[in-house]
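As written in TrEMBL, here are the features:
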ACT_SITE  A:274  active site, proton donor
BINDING   A:36  [4Fe-4S] cluster binding site
BINDING   A:409, A:410  substrate binding site
DOMAIN    A:12-406  domain 'Nitrogenase/oxidoreductase component 1'
């Protein structure tokens with residue numbers, strides 16, 4: 001047993017629902033107790049779908065337990081077929097039904113339904129949502145896809161986009177457009193918006209583009225082995241990765257890699273002088289492995305951040321994430337326990353967090369800006385506007401999204417220049433963080449004791465008080481420290497105390513403060 | 001209030017009972033509002049990742065505020081041998097309590113997986129009680145989907161607390177059902193003004209304020225879904241005061257009047273205390289009734305609040321209920337409501353596909369349903385009001401009557417604005 005509050009991933013049958021809901025003409029019959037229909041609202045609310053997910057729940061209750069649940073399953077499957085007339089059906093069990101050991105696959109087979117019925121094996125007590133999606137897509141491909149002659153024009157399949165995927169809708173559009181410009185047709189994009197008939201003709205493609213390894217790698221590997229289709233290993237998130245992806249695709253398709261980078265603005269935005277202030281900003285990255293690794297590359301090489309933390313919650317991808325972290329000289333954090341993530345973030349004291357919805361809230365608690373780069377996400381990360389993560393437009397989106405929560409160069413400059421100004425004092429906070437500016441009376445004769453600007457400051461002060469038994473801040477130094485803009489003050493305090501501790505000092509003077517500043521200057 | 005609707009009542013209306021796919025929450029969901037109410041309680045679900053995921057999805061952003069609930073997720077090794085599971089649970093609880101010394105009441109909440117493997121949480125609760133008494137009191141109830149629907153989780157929780165309440169000989173009044181603090185305060189203030197004293201709440205805000213119960217205890221429900229709790233209180237010798245539920249001006253007045261009657265409050269005093277808030281409530285409701293009058297109404301089953309709400313919308317806002325669905329219909333508790341509800345089709349339980357067929361045929365002006373159905377129905381052209389909000393938002397008693405009507409008029413006004421029919 002493990003005590004859990006947040007879960008980064010749902011159970012595997014939610015992954016299966018993501019595949020079924022993303023597709024057309026597929027119906028999922030899920031053996032599950034009353035109440036498991038809660039998962040419907042992930043699709044109708046978070047993704048704002050305008051139809052019910054194509055899932056029939058058997059919704060057994062206590063009174064049904066016993067031999068009755070098997071016939072209940074059969075009745076539900078038959079009724080679902082009669083009502084929805086799907087082109088293919090998938091059947092499986094949720095965690096409770098796994099315990100009562102009815103066999104959905106076997107039971108459905110006895111009905112002799114006139115459509116393919118694909119049984120799913122979803123081990124709820126050892127695996128999770130992404131596994132469920134990957135496994136379901138693989139099962140459908142294995143059941144429906146066949147070897148067939150290649151299309152005349154060079155074409156590929158796009159693999160892995162699902163319902164409830166973070167920016168999957170726009171990524172598919174962006175990459176399809178990019179491939180089109182290279183003269184490559186998209187044969188089938190699946191599971192998102194594909195039908196069973198589409199799955200059946202996937203064998204026509206010359207190769208596969210694996211967009212999301214978490215939800216498409218099982219199918220990509222099977223198709224490589226059984227249909228002779230190689231698949232791409234580069235996920236095109238970021239300018240560099242997109243260029244590498246283009247080169248890889250050009251090799252697989254024997255076409256030119258010379259693609260006009262129309263509309264790409266990210267490199268110039270990043271090179272422009274206002275971005276100089278981004279140099280070496282410390283960033284902590286956490287999410288699913290694919291997005292986290294891609295984000296680290298963009299952060300380090302395309303924006304010029306320093307990656308001080310990198311990790312993922314899906315253990316299946318621990319190895320590549322560990323290898324990537326080593327490139328940045330850090331140890332990867334592989335965990336699905338948010339408390340560990342929170343502790344790691346607090347210890348790394350980054351200036352920016354790139355993470356999931358959970359990290360957004362950790363950031364809020366610690367007073368650190370954050371941008372969302374990966375599922376799990378809330379409704380606001382299924383935007384109405386076009387906002388891919390992949391390709392060249394994706395690179396533009398990433399730049400805007402990540403930089404927005406940071407204090408931009410000009411504003412940082414102003415804050416530093418006018419740091420005791422009535423409009424730019426601590427408690428006012430940066431204008432775009434939503435806090436109401438608290439203007440200081442102009443004629444105020446003395447600097448009031450500032451309230452801690454945020455929880456981070458409060459925690460830091462607490463930590464400092466513990467330290468203060470060994471190291472004391474002299475009043476002048478303390479006053480000088482308050483002149484440092486609030487968003488870097490916590491780090492300045494930490495650095496100064498570490499500097500003093502390393503040198504066995506017991507009191508911090510103004511000189512110590514500036515000695516430390518010089519020592520840590522970059 | 002509009003009383004021109006012909007009232008025949010629904011006491012003898014046949015109820016359509018259906019079995020099939022149910023589009024409802026399980027009782028675990030109750031934790032999300034119960035833990036806000038009981039400030040020193042922690043709710044520990046023993047279940048699967050699905051249970052944790054449900055709580056997370058239902059709690060929305062609340063889950064990021066260090067709430068006092070969590071899930072002990074069963075793993076493969078827990079399923080292999082039962083003996084181990086109790087030890088594992090006791091260890092997890094000890095860890096939890098050492099981390100959260102402020103916790104005074106701990107609820108072990110059963111789920112479908114724990115019920116199906118017959119994990120005896122009652123025994124674990126007893127053992128934990130011995131180990132952690134008197135500092136922490138450990139209870140056990142089931143919020144599993146196989147046994148409970150949505151708000152029934154609160155019923156199971158409160159019913160589990162009743163046997164442990166202290167005995168009293170005193171004449172006291174228990175107001176039963178978790179209400180938002182602001183509503184609770186209004187309720188207590190009205191009772192106080194009427195001269196009704198010795199009023200206690202179940203659940204109380206803190207363990208130390210737990211009510212006492214005995215043979216001279218009278219109790220009244222503020223929520224319709226508390227059948228097991230009522231039965232448990234009756235087993236302790238307490239007597240229920242029957243009343244409609246306090247929704248709208250009429251419901252609140254009838255509810256207060258039932259208490260007044262039981263406690264011998266003079267009609268003059270009752271009139272004096274209620275006159276001003278009654279007038280306020282009527283005025284506030286009238287503003288929304290303009291939008292709602294004459295509109296037809298359909299309830300999908302969700303919380304057992306459907307019948308009292310349909311009564312309020314029909315009688316005070318002039319709506320026309322076409323079908324009122326409820327997950328369970330407890331006849332004895334619902335009798336005063338059924339007598340007031342204009343004649344309409346009633347259904348208990350659900351086969352969601354068949355109910356959707358009936359709904360499509362009726363094409364009601366406003367549909368009350370869960371979040372899994374709301375957007376799909378909107379996309380099909382049916383204005384909806386999502387039902388869960390009615391459980392989280394303060395809607396009971398006089399001062400909220402206007403807000404309650406507002407929850408139903410807003411989707412209709414919004415539709416009119418977006419379609420250009422009216423200028424905002």
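Heads up, the Cβ atoms here are built off N, Cα and C, so glycines get one too.
In TrEMBL, annotation is done automatically, which means it is predicted and not curated.
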Length of the line joining the Cα atoms of residue A:274 (active site, proton donor) and the residue listed as '[4Fe-4S] cluster binding site', in Å: 50
Number of Cβ atoms other than its own within 10 Å, given for the residue listed as 'active site, proton donor': 14
Listed in sequence order, residues with CB under 8 A of the residue listed as '[4Fe-4S] cluster binding site' and six or more positions away: A:13, A:30, A:57, A:59, A:94, A:96
Average pLDDT across the domain 'Nitrogenase/oxidoreductase component 1' (A:12-406), rounded to a whole number: 96
